[in-house]
Amino acid sequence: MLSHQVVLLLSLFASSFSLDWEAGKSVPDIIAHWGYPAETFKATTKDGYILTLHRIPFGKISQPSDKPKPVVFLQHGLLANSNNWITNLPHLALGYMLADAGYDVWMGNVRGNVWSMDHTTLNPKGHEFWKFSWDEFAKYDLDAMIDKALQITNQKTLYYVGHSQGTLMMFAKLSKDPQFALKIKKFYALAPVNTVKDIKGLLSFIAHYLANGLEAVFKALGFDQFLPDQGWLKGIEYLFCDNPFTDGICGNVLFMMSGTSSNQMNDTRLDVFLTDEPSDTSTQNIIHWAQMVKSGKMQMYDFSTPEQNKLHYGQDTPPLYDISEIKNTKIDIYWSPDDWLADEKDINNYLLAKIPKDVLQNNVKLDRFNHLDFIWGQRAATEIYLPIMDDLAEQKPPVKLP
């Protein structure tokens, strides 16, 4: 028979590795676990990528109705996926909150992440599949995802909430496609990203000290898929984390990019938050971000030589996105000086300086939010989500709750 001491040690060992039931579960499984309806749809882009969309058509409070519900589309950020919106507790997670308030909630997944790893002809194990960056998210993925949500709901317009890269791709799309903008009733940009010249953290470190060498190594070794658990990244993590400034935020690449702790994170749910996080993307996408850090511009992917750029763009340098060209929609932004990736200088010097005054409706500056607090922070519900829902209700009241 085991001694009490051994039993105690085994119990402590087991509890130290115990996980919440939701940890490791799929998005539909997590949604269903909390008693909400979950649906899955596929959208195929014009260049053949098959994207997965998740939907919560109604909530536990707001029941099914013959009348169409306003559609709200939620788009994740860099190295993320649709679970960002449903892994917090229901009273703190935007996906559930919107569903309970009478909205039809859709959540997108861009090409290459854990939910969108299919193509009509290409294999994810091959090089060609991974030849994309956020340029393609903006050009192709948004069209496919938004059109699918509108087709299924039989509506012409929807509301869009983006976080991080989810804002970058929408800003880019709106700047290039005023007709697409007519489909977006309003764009709520959380931790908005345009230029990233002044960002801090791991991505800045990679861009300033390692980008050129890494790009050459990636191309030579054929690293097409960016896997955050690759061995080379552990080496970068060691270099970046070996100083007092970064102590306490290391151990996961997402936290190394987001900012210092704001004491908002519910640490007991980290295993749930980090299910399929960081999510895969292409190496080209990470290089694209690093290029923007170095150039200080909101630009398309740089193919490294004037000849290659001319082949792709008809000019020697990558074209720029100009957000001053955005029209036919309205935008609210929510940001914080404590966010390392959506940096205050970049927001003031580019976003607020360039965005048309008749497009920007609300500019909300928040205190002590790092980049991940916008999706997982415990104050996000009261300081971001409820104000967004109040604004939604003023524009077009949702179905009345019983």
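Here the Cβ of each residue, glycine as well, is placed from N, Cα and C on the backbone.
Keep in mind that TrEMBL annotations are predicted by a computer and have not been checked by a curator.
TrEMBL lists Ser164 with the feature active site, nucleophile. Residues or ranges marked as active site, charge relay system in TrEMBL: Asp339, His371. Residues or ranges marked as domain 'Partial AB-hydrolase lipase' by TrEMBL: 27-89. Residues or ranges marked as signal peptide in TrEMBL: 1-18.
Residues of the domain 'Partial AB-hydrolase lipase' (27-89) grouped by DSSP class, helix first, strand second and coil last, total 11 helix, 19 strand, 33 coil. If you measure from the Cα atom of Asp339 (active site, charge relay system) to that of Ser164 (active site, nucleophile), you get 11 Å. For Asp339 (active site, charge relay system), other Cβ atoms within 10 Å of its Cβ number 30.
The distance from the Cα of His371 (active site, charge relay system) to the Cα of Ser164 (active site, nucleophile) comes to 8 Å.
Within the same chain, residues at least 6 positions away in sequence whose Cβ sits under 8 Å from that of the residue listed as 'active site, nucleophile' are His76, Gly77, Leu78, Ala80, Leu190, Ala191, Val193, Leu341, Ala342, His371, Phe374. When pLDDT values are averaged over the domain 'Partial AB-hydrolase lipase' (27-89), the model yields 95.
For His371 (active site, charge relay system), other Cβ atoms within 10 Å of its Cβ number 27.
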